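If you look up TrEMBL, you'll see 19-298 marked as domain 'NADP-dependent oxidoreductase'. Feature annotation from TrEMBL assigns active site, proton donor to Tyr52. If you look up TrEMBL, you'll see Lys81 marked as site 'Lowers pKa of active site Tyr'. If you look up TrEMBL, you'll see His114 marked as substrate binding site.
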Amino acid sequence: MASSNTHIVLPGGRKLPLLGFGTWQIKPEEVGRVIETAIDCGYRHIDEASLYGNEKGVGDGIKAKIDDGTIKREDLFVTSKLWVTDSHPSRVEPSCRQSLSDLGLAYLDLFLIHCPTSAVGGKGPFPMDDNGLFIGDDTIDYVDTWRIMESLVDKGLVRAIGVSNFTVAQIQRVLDLPPKYPIANVQVECHPFLAQNELIEFCKKQGITVTAYSPLGSPERVLQKRATTDPLLMEDPVVCAIAKKRGVSPALVLIRYQLQRGVAVLPKSVKPSRIQQNFEALNFELSKEEFQTLVNLNKNYRLLNFAPMKNMKYYPFNDNN
């Protein structure tokens, strides 16, 4: 897994910009404008997913910046994800094609299995029964989903494939197939309170790149409300002390922490000033001492646990995984 100050190299040689832009929870009616702003600020790695419900808007923003000559398609690295309700082998390709249609793109640079669990299709993104319980489908094995993901590469719909929210054991199970195409990337919740050291070290040995979502501690998450006992990463005294010393925001400190680990990172904002400010993480470096104090914050504390799926066969977060 080669890296530089600005990108990491996927198996096969494609370059993934380390500093990406996340689109989770951005409203469909404003995401186009936000994407245009991000591209104008210099972001070239756009992360989205069918679950987010805003792919058409993301595509509109990308198209606007291609049309005005700011970028060419090949300048961008676009990631999307296959949601659990589309993980049945018969639904994988149609879901990918729908994402491409919504985005207005001919191919995805990276397509991820969003979660190792599966659910029934046709009842919305979070199908629930009359008792309010998640309607999962344990008959679907993610290794079978992976095999269909590989066919998307063969058909030129995607350039690389990977997984999200998988444990080391689940990643190893895909590696044991063995896969026709390498696992190019693993995307997981990752921040100083959940450092993911074991997973990152495992992926490094396997030549797999890693992307961190919720790098700021997801303070405004919607699907899973913040518990009163959840630690506030952006208000942590260590983070704030480094930020004050450096004259930067706590967000910049947290983004820079991931960049110096060689982990791609996905900050998100809808405010132009913050979008620009976050991009400045490329322009400074934490000292060894500062970096180590952030490393020491690890609590293996997960903020997003996909709780409705906790009784499913392939639920990834048991035993603090």
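Glycine is no exception: its Cβ is also placed from the backbone N, Cα and C atoms.
Projection of TrEMBL feature records onto the structure.
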| residue | record | Cβ within 10 Å |
| --- | --- | --- |
| Tyr52 | active site, proton donor | 21 |
| Lys81 | site 'Lowers pKa of active site Tyr' | 26 |
| His114 | substrate binding site | 22 |
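The secondary structure of the residue listed as 'active site, proton donor', as reduced to three states from DSSP, is helical. Note: the CA-CA distance between His114 (substrate binding site) and Tyr52 (active site, proton donor) rounds to 11 Å.
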